[in-house]
Amino acid sequence: MPRRTDIESVLVIGSGPIVIGQACEFDYSGTQACRVLREEGFRVVLVNSNPATIMTDPEFADATYVEPITPEYVEKVIEKERPNALLATLGGQTALNAAIALHENGVLEKYGVELIGASVDAIQRGENRESFKHIVEKLGAETARSVICHTLDDVMGAADQLGYPLVVRPSFTMGGVGSGMAYDEADLRRIAGAGLHASPTTEVLIEESILGWKEYELEVMRDKADNVVIICSIENVDPMGVHTGDSVTVAPAMTLTDREYQVMRDLAIGIIREVGVDTGGCNIQFAVDPADGRLIVIEMNPRVSRSSALASKATGFPIAKIAAKVAIGYTLDEIPNDITKQTPASFEPTLDYVVVKVPRFAFEKFPAADATLTTHMKSVGEAMAIGRNYTEALQKALRSLEKPEARFSWKGSPASELEPLLEAIKTPHDGRLRTIMDAIRAGATPEQIFDATKIDPWFVDQLYLIHETALQVSAAPRLTPDIIKLAKRHGFSDLQLAEIRGLTEDVVRGVRQALGIRPVYKTVDTCAAEFKAETPYHYSSYDEETEVAPRETPAVLILGSGPNRIGQGIEFDYSCVHASMALREAGYCTVMVNCNPETVSTDYDTSDRLYFEPLTCEDVLEIVYAEMQAGPVAGVIVQLGGQTPLGLAQRLADAGVPIVGTPPEAIHLAEERGAFGKVLAAAQLPAPKHGTALSAEEAHVIAEEIGFPVLVRPSYVLGGRGMEIVYSTAELSAALERLGGGEAFEHPVLIDRFLDDAVEIDVDGLYDGNELFLGGVMEHIEEAGVHSGDSSCALPPITLGNADVENIRRSTEAIARGVGVRGLLNVQYALAGDVLYVLEANPRASRTVPFVSKATATPLAKAAARVMLGATISELRAEGMLPAVGDGGTLPTSTPIAVKEAVMPFNRFRTIDGASVDTVLGPEMKSTGEVMGIDDTFGTAFAKSQAGASQPLPGSGKVFVSVANRDKRHMIFPVKRLADLGFQIYATEGTADVLRRNGVEAVTVRKSSQGPGPNGEPTIVQMVQDGELNLIVNTPIGITQGGSPRLDGYEIRSAAVARNIPCITTVQGLAAAVQGIEAQRAGDIGVRSLQDWVPRIRGV
Amino acid sequence: MSQPALLVLEDGRSFAGTSYGATGETYGEAVFTTGMTGYQETLTDPSYHRQIVTQTAPHIGNTGVNDEDDESQKIWVAGYVVRDPARVSSNWRATRSLDDQLKSQGIVGISGIDTRALTRHLRERGAMRAGISTELLDPAALLEKVLQQAPMVGADLADEVTTAETYVVPAIGERKFTVVALDLGIKSMTPKRMAERGIEVHVLPATASLEEVLAVNPDGIFMSNGPGDPETTEHPTTLLKELLQRGKPYFGICFGNQVFGRALGLGTFKLKYGHRGINQPVLDRATGKVEITAQNHGFAVDAPLDGPVETPYGTVEVSHVSLNDNVVEGLRLTKDGKVLAFSVQYHPEAAAGPHDSAYLFDRFVELMEGRA
């Protein structure tokens, strides 16, 4: 059965901004879908508000709408484009929810759009817990005993019936939002209350606890001829109770007999049929009682999921791609297996290796958040590793996290007390495996570990195997080839061996290499070598035979960015993928190295060769060696993957690896304060007064000298980690304490004069050694002091004049030349008065490269990759990759305004007592993702950016205003405008007085600290909790991490997060919101594809 | 400490590893199987008789050995090759470790070698004779002994694996049919699958005569899987011809498919490295449906895919093909549009393996009911 001919155009909905629970795996799946649909000749219309995605590159769709994924906006796209079909199963829960809304409000029917992939009925049967339960029972299987509840009363009744502990699961939310484990009534009221609110259908499931059971997932695929295959089985090392996204997981399942596995397989097939997912993939989760094998079906996702991305990378079976193909009518046997070419996709991949996925958390960004792992996902990223056995894969995965405390270490003596460790491992937490290993070192028995964790004894034994190997390494009289080989087979890094032996990593590496002990590279081939693999998708192993093919074409290695984390995510992957595309086209053999299974870069289709490997010096050096054995290597690119590869640059260069682009010495020039200061001085560019302190004492001297407020931060960080603005000596002491304290610092601490009230400007440029291409100039909406990654910004800059931009150009060029950049450069400026201060320069791809590329219709990262390999900007202009004339600093007046808005994960975290964490923005980055709004004017673009970030601006209603004294003057005009637009203004006493004196009527509201009034007047926090307000403006008093005056504000803001009410925390943000609200009220906001904007950007 | 072991292939390639299971020396045909689950069923499958089986899945033994999953009375593989044997058994049904089980049955194995390299070698060069030894650790010396072994081509092994005595597997519930199953290396799940459908299964030795078969007065005839080269299997082929002549409904699995082919005058040939795994896609040419099958065969039937062939018993056509390589995976014999007999090259009893093909036992019932 060939593809359907009755449809011509397909609308694909993406998943929007990166949030916890929904990350770049949906860019991977969506990109695959778009590619398939275009290859098949369909007209592809795409909606996705996330500019940092590959799928929103204009060449992946015929019409790309970077517009909010809301029913209103998607309807506008449908009205304009009139697609025949909608594919919504590849854009996560966001796309699925949008599709259901469009079905329910009749839009799909009105425009005759057919939902392909999964029908609304199937989606609802799969996601509605009651109907799903019926399906499972019909198949003769069990679900956990549970009760569906719609009110808190229902919930309490259910608790009486089932007994504690209980699991709360809201319906139709993704990543387990609102779910949790309740041990008593207080827990239950809190979790179920939030869950009812989080569920779009006000529905939660209260379920018996199956805590400690073994947990499994199967990835299933079905075509319209009812052929069903299981792509992958995944086993969670962390038993039931931890969200699968936060669990360490293994593929294939390790502790099932065939009989048990086949029972699961039969059920999975039965479920996908009964639910009625006609075409496409789904994911089904199971729990097994380790004592007697009782099997329970937990849930299904009737769509491609995060686990599907993992399963695709784990097996080489591209689930999203095949799901798209079966959605348009192919059957599995008609689709070739890409990897073998000779066999079809209608089979079940079999693995001759082990895959381990480990989550990466960001609790350090939210110190107040409860770090216990529960059924509510909290990780921000993940790393995957492949090895020929579990120990090798596990240790590779742990070092892929790039957190020194994540991997196992035998440094120092074991803990003297075992009890505290056994107690600690009872609670699932980030790094629990490490804690378990520490317990093993301290003498724990396997039974003790099992009793405390319920981790399957086989997995526990594997930890003992690793530990015993470490002991053998330690006890050996010297590092013999046999000992090194043994350790390497169990995944030990040179660094770990060095620690155990009291040597340096370089010495261990030297010995190992001198002995000729190097990894070989095996191939992920879907079939355990039964057929020849045509796709060089490799992983390392200390085994016997390597499969790297010799080649003649010069290779370029691109080092990716590793697991997603706050400050380093999809934006860097975007640049890496672009480099690969551009260099492939330029005739190089591109070799990608990365360990993040969510990404497009780790799709085996993206580059000529893929190494799924940790991004450590050791692992990269071995790949470089292997590729040098295979053929000529033109160079290694380190400047596109963020801080991860950049941090390796010097060591790689020292080991003789050819780094292309900006050399490591130049990177050092930009990153090292003193050296950079000399570059600025030579170019006569002003910078805020600053100093570098190596001790607390020095820090105080410097701060006094340059005057408060000052910005304090450690050197060599990304995402403003540990960065603070301090206003006094006392605050400075506290900040230094938080940076690690001590008399002497491990890394220098940078202290800068903080420019209050400055306009912050971000610039991305490209320099070839001779010419600067100013990629884009972004004006931040928030004042300087909010991390650039969290701040919203506009491009072209909305208030800067030509003279400012020319000044920026000159400064950027001077820095690029002074530093010695070859490729991309990001510079942050602050414009205070008329002085343009240089805040910092980063000689690498920045987070904003994809945004700038989209807003200016120029592929900056592609051009950068070419420049790194020797092309000049004028050559790239002649080729047409860059515009023939002009650049991002000379955009015509017809250019639309693009606004980038950050998306925050605050709703994901709770403190230990269950309160929300604070939402104030500061110099440390906290956002997980971004959206773009693009339109003719700033107001409209801003309104779109807010809608895209799930914080739509209200059109009318009640606004609460409470601002810090220093913001009161700036607040008057915008609030007056809101009042004029008909909003009712509420304010706390001080703010209300100021407003009244300026002719704005404001209702005075009691502060939370004042408590309810004598006649029961609610406090502001109560009003927020009751959902009475439509917009909240609350600027914090001072931007420090401590201090009680901010408590009121904190309560307001956290209540706003809990109720999902837009909350503005800066006056600049307020001004922008007012413009957005005005634009919304001025008339219907239209939608326009990126392809349509291009002539306006190019000025033709 | 662990004892060294050596694996040598007949073309001289050798792999040094560590002893697993029993110590000693063993010889057989080196093959690989790609199933990720079901090592216990694999080891006890008589079709692996005289073969040294390599598991491509690296971790073997994790769930130990239990009392329910054996497919016959003993482990049949001649030798066992794994990469990472489990140190502990973890499963609520496990009663002992695989290592102990291998030792107690004297199965010589090797672990810790690059099983993927071995698999790739066998894929490129074909299945071949091999030896494993924990005593003779000089590759050249072991190779010499490997070359003295008989090859699989031409091996008639049914007699070595078949039951000595006839036994009956009673129907579960009401008995609807009686079937004679000729044991050419039958797996215990096969009669069980028939019994579940109301069939009383009389399992007869491979040497059973026509008279002995007819004495049971069967409603249908079944021939099982089993080891060896089908070209050498004269008696079952002759027997089947006689039974077809008498119009007995027939169902064959694996070796039983090859015997069926030969009875109908078709040839058989040795595949380069065979089909061994539980993920093998097969197309049912009548329905266009794909089933994921368990397979374990080194030989295949040579039949034209493009059209039926006339035989003295009726018209035979290829009912199922492998989607991986178009190997014949099933035969159907019809006369005047009515099905008389059928067989498949794969394992619908699926132990280990997926249950997609269990419908074939229903078809056998339909055949005996005269509804097919």
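Yeah, the Cβs are placed from backbone N, Cα and C, and that goes for glycine too.
According to TrEMBL, the protein carries these features:
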type	residues	note
REGION	A:1-402	region 'Carboxyphosphate synthetic domain'
BINDING	A:ARG129, A:ARG169, A:GLY175, A:GLY176, A:GLU208, A:ILE210, A:GLU215, A:GLY241, A:VAL242, A:HIS243, A:GLN285, A:GLU299	ATP 1 binding site
DOMAIN	A:133-328	domain 'ATP-grasp'
BINDING	A:GLN285, A:GLU299	Mn(2+) 1 binding site
BINDING	A:GLN285, A:GLU299	Mg(2+) 1 binding site
BINDING	A:GLU299, A:ASN301	Mn(2+) 2 binding site
BINDING	A:GLU299, A:ASN301	Mg(2+) 2 binding site
DOMAIN	A:677-869	domain 'ATP-grasp'
BINDING	A:ARG713, A:ARG753, A:LEU755, A:GLU760, A:GLY785, A:VAL786, A:HIS787, A:SER788, A:GLN828, A:GLU840	ATP 2 binding site
BINDING	A:GLN828, A:GLU840	Mn(2+) 3 binding site
BINDING	A:GLN828, A:GLU840	Mg(2+) 3 binding site
BINDING	A:GLU840, A:ASN842	Mg(2+) 4 binding site
BINDING	A:GLU840, A:ASN842	Mn(2+) 4 binding site
DOMAIN	A:951-1100	domain 'MGS-like'
REGION	A:951-1100	region 'Allosteric domain'
Fill in: Cβ neighbour count within 10 Å of A:GLU215 (ATP 1 binding site)
24
Fill in: Where A:ARG129 (ATP 1 binding site) falls in three-state DSSP terms
helix
Practice prompt. State the count of C-beta atoms found within 10 angstroms of the C-beta of A:VAL242 (ATP 1 binding site), not counting that atom itself.
Written response: 26
Worksheet item: How many helix, strand and coil residues does the domain 'MGS-like' (A:951-1100) contain under DSSP?
Response: 75 helix, 19 strand, 56 coil
Worksheet item: In angstrom units, rounded to an integer, how far apart are the Cα atoms of A:LEU755 (ATP 2 binding site) and A:GLU840 (Mn(2+) 3 binding site)?
Response: 13
Worksheet, complete the sentence: A:ARG129 (ATP 1 binding site), Cβ-centred 10 Å count of other Cβ atoms over all protein chains shown, is 21
Item to complete: Compute the average pLDDT of the predicted model within the domain 'ATP-grasp' (A:133-328).
Response: 92
Response to the item:
Near A:GLU840 (Mn(2+) 3 binding site) (Cα-Cα within 10 Å), the binding-site residues in question, chosen from A:GLU208, A:GLU215, A:ARG713, A:GLY785, A:GLN828, are A:GLN828
Item to complete: For A:GLU299 (Mn(2+) 1 binding site), list the number of other Cβ atoms lying within 10 Å of its Cβ atom.
Response: 19
Item to complete: Please tell me which one of the binding-site residues listed here (A:GLU208, A:GLU215, A:GLN285, A:GLU299, A:ASN842) sits closest to A:GLN828 (ATP 2 binding site), measuring Cα to Cα?
Response: A:ASN842
Response to the item:
Checking the binding-site residues A:GLU299, A:ASN301, A:ARG713, A:HIS787 against A:ARG129 (ATP 1 binding site) with a 10 Å Cα-Cα cut-off, in sequence order, leaves A:GLU299
Discussion item. For a quick check of understanding: given the listed ATP 2-binding residues A:ARG713, A:ARG753, A:LEU755, A:GLU760, A:GLY785, A:VAL786, A:HIS787, A:SER788, A:GLN828, A:GLU840, what is the maximum Cα-Cα distance in angstrom, as an integer?
Written reply: 18
Worksheet, complete the sentence: Excluding its own, the Cβ atoms lying within 10 Å of the Cβ of A:GLU840 (Mn(2+) 3 binding site) add up to 17
Worksheet item: Measuring Cα to Cα, how many angstrom lie between A:ASN842 (Mg(2+) 4 binding site) and A:GLN285 (ATP 1 binding site)?
Response: 44
Item to complete: May I ask you to report the DSSP-based helix, strand or coil state of A:HIS787 (ATP 2 binding site)?
Response: coil
Practice prompt. Across all the protein chains here, work out how many other Cβ atoms are within 10 Å of the Cβ of A:GLY785 (ATP 2 binding site).
Written response: 23
Worksheet item: How would DSSP class A:LEU755 (ATP 2 binding site) in three states?
Response: coil
Worksheet item: Which one is closest to A:GLY785 (ATP 2 binding site) in space, judged by CA to CA distance, out of the binding-site residues A:GLU215, A:VAL242, A:GLN285?
Response: A:VAL242
Worksheet item: Should any of the binding-site residues A:GLU215, A:VAL242, A:GLN285, A:ARG713, A:HIS787 have a Cα within 10 Å of the Cα of A:GLU299 (Mn(2+) 1 binding site), which are they?
Response: A:GLN285
Worksheet, complete the sentence: Here the Cα-Cα span from A:GLU215 (ATP 1 binding site) to A:ASN301 (Mn(2+) 2 binding site), rounded to a whole number of angstrom, reaches 16
